2 protein chains.
Amino acid sequence: METQRKVILDELNGWKRTHHCAELTLQNDGQEVCLMGWVQFRRDHGGLIFIDLRDREGLTQVVFAPEVNKDALEKAHILRSEDVIAIKGLVRPRPKDMINPKLKTGEIEVVVKDFKILNNSKTPPFLIEDRAEVSENLRLKYRYLDLRRPYMTKNIITRSKAAQSVRSYLNECGFLEIETPILTKSTPEGARDFLVPSRLNQGSFYALPQSPQLFKQLLMFSGFDKYYQIVKCFRDEDLRADRQPEFTQIDIEMSFVEEEDVIQMAEGLIAKLFKDILNIEVNLPFPRLSYAQAIEEYGLDKPDIRFDLKLKDITHIVQNSEFRLFKQASLVKALKLPQGAKLSRKEIDDLTELVKIYGAGGLAWIKIKDNEWQSPIAKFLSEEEKQGITNALDLKVGDIVFFQAGNPEIVNTALGYLRIKLAEMFNLIPKDTYAFTWVVDFPLLEWDEEEKRWVARHHPFTAPKPEHLALLEKEPEKVLARAYDLVLNGHEIGGGSIRIHTQDLQNKMFKVLGIDSQEAEEKFGFLLEALKYGTPPHGGIAFGFDRIIMLMTKAKSIRDVIAFPKTQKATCLLTEAPSKVSSRQLRELGLKVKEKK
Amino acid sequence: METQRKVILDELNGWKRTHHCAELTLQNDGQEVCLMGWVQFRRDHGGLIFIDLRDREGLTQVVFAPEVNKDALEKAHILRSEDVIAIKGLVRPRPKDMINPKLKTGEIEVVVKDFKILNNSKTPPFLIEDRAEVSENLRLKYRYLDLRRPYMTKNIITRSKAAQSVRSYLNECGFLEIETPILTKSTPEGARDFLVPSRLNQGSFYALPQSPQLFKQLLMFSGFDKYYQIVKCFRDEDLRADRQPEFTQIDIEMSFVEEEDVIQMAEGLIAKLFKDILNIEVNLPFPRLSYAQAIEEYGLDKPDIRFDLKLKDITHIVQNSEFRLFKQASLVKALKLPQGAKLSRKEIDDLTELVKIYGAGGLAWIKIKDNEWQSPIAKFLSEEEKQGITNALDLKVGDIVFFQAGNPEIVNTALGYLRIKLAEMFNLIPKDTYAFTWVVDFPLLEWDEEEKRWVARHHPFTAPKPEHLALLEKEPEKVLARAYDLVLNGHEIGGGSIRIHTQDLQNKMFKVLGIDSQEAEEKFGFLLEALKYGTPPHGGIAFGFDRIIMLMTKAKSIRDVIAFPKTQKATCLLTEAPSKVSSRQLRELGLKVKEKK
């Protein structure tokens, strides 16, 4: 039980800070200063009281000493962690044996001449320290306390600085920051919209934007030439591990450009950001992989190129195999982990569970032992096939090989994620490396088995490569898009394209997508109309700001770089949003909530 | 009827701009350049074709001449206004008689060596010129064309630059830009919330924030010390003349501060903004008016101090008058318009209609003629009263005086707006003047006649003046708030306060507001809990960004400084939001739209 304290609070009454808590050094020796902040820690020692005073910048040691102000020393006995105080005092060097080289202010202390207690604190539900082990739910409920921890404070400060760095680069390049609407029209663009019922137009709804895509294109139509915005976007999806219903995008669009112009601009932006924030010089230009090559070698369209471990297509070697699984498969791929034969049965079982998440039926493997292949499947393979595989993969004793066969998408995805898992298990990923790569030459379209029609891989405004225009109607699967994704350490951090800028091509695109002219008119009528009035060639890119900051700060989750994130159930544990609303509010909107059955 | 043109479009194919359209001068004489933009105007003259080429920055004259490229000249005959072209050519001086001193590029032209047609345009529904008279509805429907007009382009560019100026000041002052949620909790704070139904938590709703008030306070609780954000806010109100359902706020909060600190910071921000954008040096500090004085002299809490015309309280002069209207009134005020006696009966009738909007029953007046008071009410006034009014208002022949008597709020509001109207009619408002004033010493509370309870004048987190704390429970009407509004030319452009930072006082405040502890717990439980853990003293301010830009650009409406605004019915004429949604979408949200009766 906490004992009740009777703390009499003081008003600021004209006191003004002179420094923050990570500022004073021996340079300030002898100065009279005023600091304000939180009591990180109090320790009574040798008739003195020592306080680590904390603000967002850091800590300063504050000393209450009888020879300077006895009353203050007396009063300071009441102080506890997280109380808020203001002190006036003199900077002086610490005794040699009390110097703390880990602290910016570690060579000085401030001896208190006068102080005020501005507020007091109950014992917080967890320690305001990085090392405190706290459940995420508790952290989110007491977010204001969680944010006091240096790890979180630093993440949010980095995020703020990164936003300024991005803006400074884009301003310098002649971009205009232009705000686009949050209350806008529901347009099916892949994900589910959040809706906002209209009161003045009952029965109608606004949608929150999944991205400002159409508005930024309209701004190009208006001649603004270069647009950007660091902007909130919204998707009402079932939340996967590291998604948020609202997220932040660095949204960029440019006129009179082709792919290379956007890519160069984007590389310059990333280079400046990493220099400004992390003092890292990234090498430009970034390497580029075609989509086909990324899938071929890494299984995923967001390849982590920090480590090698490439997938190998062995379909041609085993296409006539006795092994039914291989024989029937349209694609058979192998992934060799050098010196991986030491993996235990249990570990392999866990890996099998992993690939099942991605739709795989199981995980075939072979351990290369001294004189034999140790494997449940080895017996089905002919000597010739074994030799073929050995050559193709350059197998050595001690290696392990994993196989997937069948549906190409599952084969690639399962081995792609297995590759990353193995790299983590075997420490193959170099620390402190930022490996960027562009992925280009994406297919424009993909076949939607459910809807039995072609759908746009990016969005229906992405331009096809001019040299593939002729294929659009007859062989749509062969058409590549003028699109590009930027990948960092296996995370897609940005993506964009050159857009369609003529009405003819946009109409043709809608037709290929099976959107008839009436539907096109209803959903995108204003866009088709706008394309009639002199639209410039244009293109752009959008970066996932949360994810970039997560990678830059090495945070564990994007929730750790967002001040007030939602849980995976899209709730806010601090404010308890979403919540019930009054019947009056619903009545005004002309809405009824259906009873749950 | 527009004749069909067969225009064959070109790809950029590596062409890159070298300059924008307001850049080239005689300095560039002889250079080969590449420009891209819109055909503002084509004129054929003496076997040549002249084009005014337009981009967001301005115009450049482009010439097709037979001696330079005969084919290009031939092909250029197809060009029409708003076609999009790219040209390569040589900069040369214009002939002396064709120099246009109004244009930055008026001394040169670019003679075309080669060009591409990037897109063509139908005849737009209105001319892309400032002088074009176009209905606002047509402008909003074709917003992308409206934004091409120099007036609109300039407004949006100014807005972008202003945002950068604001950020640069605040960054310099050590503020952090921190994003707060858009999907948050419905908390009644004056206006009506926009709601967002939750799909994952059916029957529950998020609300869009009316301001990030609570989150910015929580950020202060977290120790971030200085926060800002240029942020969208939302109010579902019946839209008055110049309101938008979503608007943009410069939102600021600081810890360890008192009124003077926030006011100084804000003055510095405004000074920098006006210097950066308009090259105007504003005089600091801004004058201050108490709320009482503002109402007394100007009738409004957002006084336009660019002109004099002050209201005069004459209650004491006429309190025993024969004139019933004056005799019964708790307040009688007069407004003298010097040399206003020339106002016609019709004009006075119109002014009477104006004051009725603000609740006045009518408008009494007196014209001071050579030998008499010409007025329907003069006969009711005694000589003594006439003398008293003459002295109090320093009346001269040719003046007119208007009166209001009765309910103080109506008296002040009606005369306050009458004052502005008269100043406009008589050209009393100096052009190009920016007159700032702080209004301070607001009452903390106001009586809500409908709800029969005290309500917070600003919001329930505004701190009372410490010297009035003792009055809070017994004489709440006497308590002044630690609040301040910034007024520019009669528009409130910002407002803020020092906040309550202790749980005791916040609880007391809720009690005075008639919010019982259960209701307080439900709505603000997390805030009351947070106040237990060492909250620093803090305060802040929020500026209406749209309105500031409107005043800086002298735009006619905030709609003219917002790229994609809504109509007064809260619709977007371009995209046709809000709109119907599918029954599947409603089903997923567990909602039913009530049939209209």
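Cβ coordinates are placed from backbone N, Cα and C, and glycine is handled just like the others.
Residues B:R235, B:D236, B:E237, B:Q244, B:G544, B:F545, B:D546, B:R547 are recorded by TrEMBL as ATP binders, and the candidate that the same record lists for that site, out of B:E492, B:E588, B:E595, is B:E492.
The ATP-binding residues named in the record, B:R235, B:D236, B:E237, B:Q244, B:E492, B:G544, B:F545, B:D546, B:R547, extend over a maximum Cα to Cα distance of 20 Å. In the three-state DSSP scheme, B:H458 (L-aspartate binding site) is classed as coil. Across the region 'Aspartate' (B:213-216), the DSSP tally of helix, strand and coil residues reads 4 helix, 0 strand, 0 coil. For B:E492 (ATP binding site), the nearest neighbour among the listed recorded positions (B:H45, B:R235, B:H458), judged by C-alpha distance, is B:H458. Note: B:E237 (ATP binding site) has non-local neighbours B:A191, B:R192, B:R243, B:P245, i.e. same-chain residues 6+ apart with C-beta under 8 A of its own C-beta. B:F545 (ATP binding site) falls within a helical segment according to DSSP. Mean pLDDT of the predicted structure over the region 'Aspartate' (B:213-216): 96. You'll find the Cα of B:F545 (ATP binding site) roughly 47 Å from the Cα of B:H45 (site 'Important for tRNA non-discrimination'). Neighbour density at the Cβ, taken as the number of other Cβ atoms within 10 Å, is lowest among the recorded positions B:H45, B:R235, B:H458, B:R499, B:R547 for B:H45. The separation of B:H45 (site 'Important for tRNA non-discrimination') from B:R235 (L-aspartate binding site), Cα to Cα, is 56 Å.
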